[in-house]
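Student: Here you go, one structure.
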């Protein structure tokens with residue numbers, strides 16, 4: 001019988017006749033003693049004895065107990081932990097029917113619990129009632145199986161299963177809860193067909209989705225990562241875990257806040273925390289030397305594959321710890337996690353790149369260094385060029401950088417470079433075009449005629465040499481403001497690396513990016529804003545020119561993804577007030593929104609710093625998942641909705657009235 005048919009619910013059944021039917025003529029029936037008024041909680045099951053039904057008994061179809069009867073059963077073993085050491089042992093197992101098949105007059109099912117799967121078989125001659133009930137089961141029924149562990153026949157051994165050398169012969173079976181509706185997808189084959197099952201269906205029926213082996217592995221992996229982190233920080237370094245408030249206050253900078261109206265203080269609002277930043281700084285002022293928290297954070301922002309409106313981060317803060325000690329402690333922690341969880345050995349120490357070097361060489365502050373494709377600045381080649389597009393860009397303060405793609409001349413045709421996927425990738429970054437040149441086998445270059453003709457023979461040789469190009473290579477240009485050029489070439493670099501399979505997936509690229517600028521220019525608002533956050537300390541040597549200062553900030557980047565970021569903090573009030581002033585926060589606004597922080601800095605705040613890791617993102621990368629939604633038990637969709645509970649939702653008008661809220 002097909003797996004699909006096995007998922008269909010049984011039809012409603014009824015009592016048949018008071019006349020006894022022998023087991024030999026009705027192996028699909030079982031017997032319970034006849035009662036006019038069954039006692040509450042009566043166990044509606046059957047005996048494993050092959051004795052025929054006695055006269056006066058009531059014969060019923062093999063259906064579970066009535067809905068009003070709830071049974072709590074115990075088990076002696078777990079399905080995935082049985083082995084040859086258990087042969088001969090009588091066991092009680094509970095779980096879900098993962099597979100059901102009939103072969104040679106015998107019925108087999110795979111019984112699944114959180115530890116794994118074990119095969120259960122029937123012996124119709126010895127235990128006909130158990131055979132009859134199992135024969136009519138459907139996938140995902142919740143059942144109790146009592147039986148004896150036996151070794152599988154040699155021809156039936158399955159070395160791919162952890163329990164593949166044993167099976168359980170069912171002597172007594174009870175259906176604890178049947179499936180009464182058609183399943184939206186098959187759990188058993190869902191891992192193989194994951195790409196065919198729409199994610200909205202998986203999220204809508206998350207309880208089924210989480211039964212899949214891959215999803216279970218992801219959630220267990222997450223648990224193991226958190227358990228290891230807790231053990232390491234507490235036992236090795238003396239950290240203590242402290243919870244910080246969820247109901248906090250809205251602060252400027254960063255993403256939009258989720259607001260919570262106050263009923264008691266009408267017209268006022270709490271904000272859900274985007275991070276525990278200021279609270280953990282308060283803890284350092286309070287004298288708690290080493291703090292950490294597995295913190296829930298909330299940001300009302302546009303979503304991508306690695307973003308959620310509510311997410312979890314590993315949050316840490318330490319007092320009296322210079323930057324070198326801070327980086328070493330975190331390197332040791334991450335090496336421990338990768339080594340114990342995945343067996344990956346990371347370098348000691350981690351490589352470092354300054355922000356300026358990362359942007360110059362890769363066009364990104366989170367570079368993936370598993371492949372080369374470094375960018376080259378060739379502005380000097382075109383300072384006196386006759387190609388006006390380039391010279392005008394330089395005259396307006398822009399730059400010209402190139403990305404040299406080895407053997408890319410044949411990979412990408414001229415038409416692809418003018419209107420294909422690689423061209424579209426450049427357009428997505430905001431570029432107005434994609435200038436390119438190709439190095440021919442004879443060393444000549446071809447491409448945009450006006451660009452080629454702007455270079456004399458010596459200029460061509462110098463240009464090709466400066467690009468590091470060879471015959472057959474493709475040279476892609478980024479022209480314009482520094483930020484725009486880096487954004488375009490970073491995007492093209494990643495596109496080409498994936499498209500040409502240049503990434504060595506056996507390598508693990510982890511590094512620190514340091515020396516970030518303190519501030520960046522916000523063009524729409526025409527003001528400076530903090531690149532990280534306004535509580536980051538500047539480098540001491542840059543204190544005389546704070547608007548241009550570099551920050552004592554550091555980001556940890558793994559395979560091109562930022563997995564953690566932190567900084568040393570400002571711990572003196574006058575410096576903090578100056579930074580807030582630079583980003584446009586007046587003294588009055590600073591006192592209103594950050595008065596408690598400024599007061600604390602005047603009460604003996606120690607030098608301190610910290611870091612936060614995106615736990616969801618870290619587990620996603622350790623587990624090889626494509627989205628953080630696959631490592632969160634109950635995630636939100638890309639439209640910030642919970643498909644399972646259908647939230648957000650409308651609320652009772654009375655609740656809004658109590659909160660003095662009126663909606664449009």
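Cβ from N, Cα, C; glycine included.
OK, Swiss-Prot features for this one:
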DNA_BIND  91-176  DNA-binding region
BINDING   253, 299, 569  L-aspartate binding site
BINDING   299, 300, 301, 562, 614, 615, 616, 617  ATP binding site
BINDING   562  Mg(2+) 2 binding site
BINDING   562  Mg(2+) 3 binding site
REGION    277-280  region 'Aspartate'
Student: Give the nonlocal contacts of the region 'Aspartate' (277-280) in its own chain as ranges (CB under 8 Å, at least six residues past its ends).
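Tutor: Same-chain contacts beyond the ends: 244-245, 248, 251, 291, 293, 315, 317, 533, 535, 594, 596-597, 610.
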Student: Run through the DNA-binding region (91-176) and tell me, per DSSP, how many residues are helix, strand and coil.
Tutor: 11 helix, 48 strand, 27 coil
Student: State the count of C-beta atoms found within 10 angstroms of the C-beta of residue 569 (L-aspartate binding site), not counting that atom itself.
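Tutor: Summing over all protein chains shown, residue 569 (L-aspartate binding site) has 24 other Cβ atoms within 10 Å.
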Student: How big is the Cα-to-Cα gap, in Å, between residue 615 (ATP binding site) and residue 299 (L-aspartate binding site)?
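Tutor: That comes out at 15 Å between the alpha carbons.
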Student: Once the chains shown are all counted, how many other Cβ atoms turn up within 10 Å of the Cβ of residue 614 (ATP binding site)?
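Tutor: Other Cβ atoms found within 10 Å: 23.
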Student: In Å, rounded, how far does the Cα of residue 299 (L-aspartate binding site) sit from the Cα of residue 617 (ATP binding site)?
Tutor: 15
Student: Cα of residue 300 (ATP binding site) to Cα of residue 569 (L-aspartate binding site): how many Å, rounded?
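Tutor: A Cα-Cα distance of 25 Å.
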Student: In the region 'Aspartate' (277-280), how many residues does DSSP call helix, how many strand, and how many coil?
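Tutor: Grouping H, G, I as helix and E, B as strand yields 4 helix, 0 strand, 0 coil.
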Student: Out of 299, 617, which of these binding-site residues shows the lowest number of other CB atoms within 10 Å of its CB?
Tutor: 299
Student: Among all chains shown, work out which of the binding-site residues 562, 616 has the most CB atoms within 10 A of its CB.
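Tutor: Answer returned by the neighbour count: 616.
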Student: Please give the ATP site's span as the largest CA-CA distance among 299, 300, 301, 562, 614, 615, 616, 617, to the nearest whole angstrom.
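Tutor: Taking every pair of listed residues, the largest Cα separation comes to 20 Å.
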Student: Take the Cβ of residue 301 (ATP binding site) and count every other Cβ within 10 Å, whichever protein chain it belongs to.
Tutor: 14
